[in-house]
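Peer 1: I'd like to ask some things about the structure below.
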Amino acid sequence: MSFSWSAKDHKSYTNPPSNPTQGLKRPRNETGNKVTVVLGAQWGDEGKGKVVDLLATESDLVCRCQGGNNAGHTVVVEGKEYDFHLLPSGIINPKSICVIGNGVVIHLPGLFEEAENNEKKGLKGWEKRLIVSDRAHLVFDFHQVVDGIQETQRQATEGKIIGTTKKGIGPTYASKASRTGLRVCDLLGDFKEFSTKFKNLVKQYQSMYSSLTVDTESQLKKLKEYGERLRPMVRDGVYYMYEALHGPPKKILVEGANAALLDIDFGTYPFVTSSNCTVGGACTGLGIPPLNIGEVYGVSKAYTTRVGIGAFPTEQLNVTGELLQTRGHEVGVTTGRKRRCGWLDLVILRYAHMINGFTAIALTKLDILDVLDEIKVGVAYKINGKRIPHFPADMELLHKVEVEYETFPGWKSDTSAARKWNNLPQKAQNYIRFVENHIGVPIKWVGVGKSRECMIQMF
């Protein structure tokens, strides 16, 4: 599709001719292909990779729009477990093209190391199916060092840390916001100019962190090598997405990293990530008009987990929490840290739905609840005995809320072999229907295991 509006058209439009047949209203352009977006509805680690993997088998294009290699998605295919951090999970599908958008921050050593690790597990042809936006910002090794220094300083001055992955994501987005960051297009342009800007950026950080040492020449040599390796994959991301949206019919999938409660604007600030991991990030991180957003799928576990510190109203610091952690193998893919565990929090899911407008939900890891005698679900927050209708912005207030629970009898039977809705115990069905009705969003998938075959599709 191409634009055909000209200066002559503009003149005719602003000064319509007296002949009414010449002044007909100009038809609107076609809206183009719709994009399906998959987003985390809690604090991350909900199983987005599995949902994306399921949808990617029928997708022509699978895109990442924000975050960096602080994300971690595990996908199990034919008994092999793949771990993705920067690469879109859809890269497993040999028929899919994968896009890393302008909103993503890219650590080039991490990208190539990740690809090589997955190659050993059977990933093939990824470099011919990966498109990288020339507007994406670069994460440098010193950004990662600074990330660690900042955490140490927070501990020393405030007595607490954010709990970052120390992958340099925050410092890179800070460079981007302060307009001193460097992008893929800079690396692939005039390397002499890039080198000057890189050295200036290093000096800027060294002026703030006296302990920071950087072997500038060695770094530049490596970056030049990485740049040449990356060059065949780089495109003008905006034009590429526009052509994909307005060309022949395509199934386009956007894979969100992190989750709603980690969003820089809407999450449990300051214990959040540094990008917009809600639906707006799909537009800004890929150059997709809102008009082209179609289905928006939220992914939630059948309980709640969180990595790192920060308020967690339904957390269970008891035998139940330990059981969920152990049975669910709740360890961070990126950090290796144990995840904190608690009951499903429907206040969080309703809040995530307010922001994202989910058209359906994927409820994962239902099988982890199989052994429980009773199961609780958080349905409301109270302050001083009174229900509040909103999700608090103030973290001190969130720490103080009292959770109102609904209690359900456990189904006490193995659901891991279930492949259809009717295979699930009645009590498990009741639990799922309650969740669905309470948040007002249909549940499209129920997960009862690791592999893609373990996703029960409801409609």
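Keep in mind that glycine also has a Cβ here, set from the backbone N, Cα and C atoms.
This is the feature table in TrEMBL:
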type     : residues                                                             : note
ACT_SITE : D45                                                                  : active site, proton acceptor
ACT_SITE : H73                                                                  : active site, proton donor
ACT_SITE : K176                                                                 : active site
BINDING  : 44-50, 72-74, R339, 365-367, 447-450                                 : GTP binding site
BINDING  : D45, V333, T334, T335, G336, R337, K338, R339                        : substrate binding site
BINDING  : D45, E46, G47, K48, N70, A71, G72, H73, T165, R179, N258, T273, R337 : IMP binding site
BINDING  : D45, G72                                                             : Mg(2+) binding site
COMPBIAS : 13-22                                                                : compositional bias 'Polar residues'
REGION   : 1-31                                                                 : region 'Disordered'
Peer 1: For the C-alpha pair, I'd like the distance in angstrom between G44 (GTP binding site) and the residue listed as 'active site', rounded off.
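Peer 2: Cα-Cα distance, G44 (GTP binding site) to the residue listed as 'active site': 24 Å.
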Peer 1: Would you measure the largest Cα separation among D45, E46, G47, K48, N70, A71, G72, H73, T165, R179, N258, T273, R337 for the IMP site and round it to whole Å?
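Peer 2: Answer in Å: the longest Cα-Cα distance is 34.
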Peer 1: I'm trying to understand the geometry here, so how far is the Cα atom of G72 (IMP binding site) from the Cα atom of R339 (substrate binding site), in Å to the nearest whole number?
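Peer 2: If we compare the Cα positions of G72 (IMP binding site) and R339 (substrate binding site), the gap is 13 Å.
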Peer 1: Which ones, of the recorded positions D45, K50, T74, K176, L366, V448, have a Cα no more than 10 Å from the Cα of R339 (substrate binding site)?
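Peer 2: Final answer, ordered: D45.
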Peer 1: If you measure from the C-alpha of R337 (substrate binding site), which of the recorded positions K50, N70, H73, T74, K176, N258 fall inside 10 Å?
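Peer 2: If one measures from the Cα of R337 (substrate binding site), no recorded positions come within 10 Å, so the answer is none.
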Peer 1: When the Cα of T335 (substrate binding site) is compared with the Cα of each of the recorded positions K50, N70, H73, K176, N258, which one is closest?
Peer 2: N70
